[in-house]
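Visitor: Residues annotated as transmembrane segment in TrEMBL: 108-126, 161-183, 195-213, 242-259, 271-292, 332-352, 364-386, 398-419, 426-446, 458-484. Residues or ranges marked as domain 'STAS' in TrEMBL: 512-634.
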Amino acid sequence: MDPNEVQHSHCLEMTMEVHQVLPPPHKTTLHKLNNRLKETFFPDDPLRQFKGQPLKTKLILAAQYLFPILQWGPKYTFKLFKSDLVSGLTIASLAIPQGISYAKLANLPPIVGLYSSFVPPLVYAVLGSSRDLAVGPVSIASLVLGSMLRQEVSPTGDPVLFLQLAFTSTFFAGLFQASLGILRLGFIIDFLSKAILIGFMAGAAIIVSLQQLKSLLGISHFTNQMGLIPVMTSVFNNIHEWSWQTILMGICFLVLLLLARHVSIKKPKLFWVSAGAPLVCVIISTLLVFAIKAQNHGISVIGKLQQGINPPSWNMLRFHGSHLGLVMKTGLITGILSLTEGIAVGRTFAALKNYKVDGNKEMMAIGFMNVVGSSTSCYVTTGAFSRTAVNNNSGAKTAVSNVVMSVTVMVTLLFLMPLFQYTPNVVLGAIIVTAVIGLIDLPAAYNIWKIDKFDFLVMLAAFMGVLFISVQGGLALAVGLSTFKILMQITRPKTVMLGKIPGTNIYRNLHQYKEAVRVPGFLILSIEAPINFANITYLNERTLRWVEEEEDNIKEQSSLRFLILEMSAVSAIDTSGISLFKELKSTLEKKGVELVLVNPLAEVIEKLKKVDEASDFRHADSLFLTVGEAVASLSSTMKSQSPAILGGAHTIV
């Protein structure tokens, strides 16, 4: 037999061994749309528990899904209650002084902070899925709410209108949060990345602390602005208002609170020290002010607080007028921030105890909690990290700890309000400073610096933006940078050159694996992103540049013959992406280079099949399952063609 025929026969055998790239099974457009919507909005498949169940069981499961208390409530025991009772009383000792302090931070009457620690925890106990989350006002949402509303309405000049706008903002925050849960759009809050939150929280913590200089120094005329420069300017322009009595008391209680916090951090079993310290400071400072009549010596006090539980406030909600846009914007921003914090805290402690928190149910629970709260004289609430940590450390077993805390706050509202009349504002400022210090996470910031410099830049933008622009300005700047990063990743997808690992049939990134070597006559590229209208121009230009550089580098006798595109990471493609391959193939053919596709995924091969009328990408030499098979098969083709070319040349001679 002729040697050429033997070689050709051997090539055919090798071709037969090459695995075929198969298109996916046919599916109707409706079926594809159904799958896409399911994966987008129901990735956790919440309806799977209903499959194959009788109607009665389905109704019970539905009720338990909507009201998680029905799931654990029937199994609740007295032993669990004893643990929850201790936890509830412990977090109440923290919630009462923090509630009063955070309300003042939001420029609201102090009593509103206690109202917000009474009704929302009861709602969450029924609807929430976390066993550890302790609900109430939080520093960041309080700061943002107060600062945004104060841009248009003065809390001192028109306190009634300011309160109405606060309740209306809370309603919109709750409505937005509940809508995200019902419509299963929770992925929207994922735009607040960890880097953004760390930078934002640190910046906000510093701004919150600086705001407390008004109380800690005894200044009566203080700036309404939130930036670092206006605050420090106001502090030093009003040195004549500084009160040495207030400063002395502030330093003493601040040191006491920080010492209690340090003890609890070093010895977690002594969690009750930091949990009870704020209430102890309130009691001691109140007794001290009452005994020495300190209010007559330059130390400002809260004053008389209204006694009784939450009055209804649905008649105070304003859905009309010139401030509607303001309250909607305030509700949106505070809703996103409080929702992000609440879900993050809930998931953190759920992971510690090895149970799952349903993000969508949490959105609905926190949302309905704020909607109900807006009608019962409450402002924006969520799960607070400090209270949740205390709740967890004190042995909470279920959401009943929230109920115990709520009942304790109710007793305080009904019978103990007169006792807070002489509580000095300076101790509330010290409580806030101590609480927000924990939001500055330096180890996490350093870790981001080590891992991803761009994420660190985003974190720094959030931090500096909050300090020097505004709270919402810093947040918007950081989200804008993160969105820019995502757009860059979409429009500038990563493309790498692959080489063969010697002694194997494995192909890897040449820059990552130094032992990998190039295969003569082949340019092997891996596209590591979906292909769409936003990146086809870049991919076309970048690929042709790879080809030109390869042609310049290789010797004449081993000219470039094949461009192989490894497409395992191309998870999706659109119409523009399909046109990219046609343009590339046409351009490369003029250069004498063949385009070969390797391992296109289901969506890609299906769309290629529909538009590939000339079967350019469906014949055996254009489509392979692995790079190894492509190189082996095409190399044998090159070898079989070489003798024929040489034979033709001899005949001509």
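Positions of Cβ are set from backbone N, Cα and C atoms, glycine also.
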Visitor: Looking at the stretches 108-126, 195-213, 364-386, 426-446, which one shares the most CB pairs under 8 Å with the transmembrane segment (242-259)?
Guide: 426-446
Visitor: Under a criterion of three or more Cβ pairs within a distance under 8 Å and sequence separation of at least 6, are the transmembrane segment (332-352) and the transmembrane segment (271-292) in contact?
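Guide: Not in contact, no.
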Visitor: Pairs of Cβ atoms less than 8 Å apart decide it: which stretch in 108-126, 195-213, 271-292, 364-386 has the most with the transmembrane segment (161-183)?
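Guide: The stretch I would name here is 364-386.
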Visitor: Give me the stretch from 195-213, 271-292, 364-386, 426-446 with the greatest number of Cβ pairs under 8 Å to the transmembrane segment (108-126).
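Guide: When the Cβ pairs under 8 Å are tallied, 364-386 comes out ahead.
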Visitor: Cβ under 8 Å, sequence separation of at least 6 from the ends of the transmembrane segment (364-386): give me the contacting residues as numbers and ranges.
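Guide: Non-local partners: 94, 98, 103, 106, 108, 112, 115-120, 123-124, 127-130, 133-138, 141-142, 145, 166-171, 173-182, 310-314, 317, 334-335, 338-339, 341-343, 345-346, 435, 438.
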Visitor: Same chain only, please: residues at least 6 beyond the ends of the transmembrane segment (195-213) with a C-beta under 8 Å from a C-beta of the stretch. Say none if there are none.
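Guide: Beyond its ends, the transmembrane segment (195-213) has Cβ neighbours at 105, 139-140, 143-144, 219, 226-228, 231-232, 235, 340, 344, 429-430, 432-433, 436-437, 439-441, 444-445, 448, 452, 455-456, 458-467, 471, 474-475, 478-479, 482.
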Visitor: Within the domain 'STAS' (512-634) only, compute the mean pLDDT.
Guide: 86
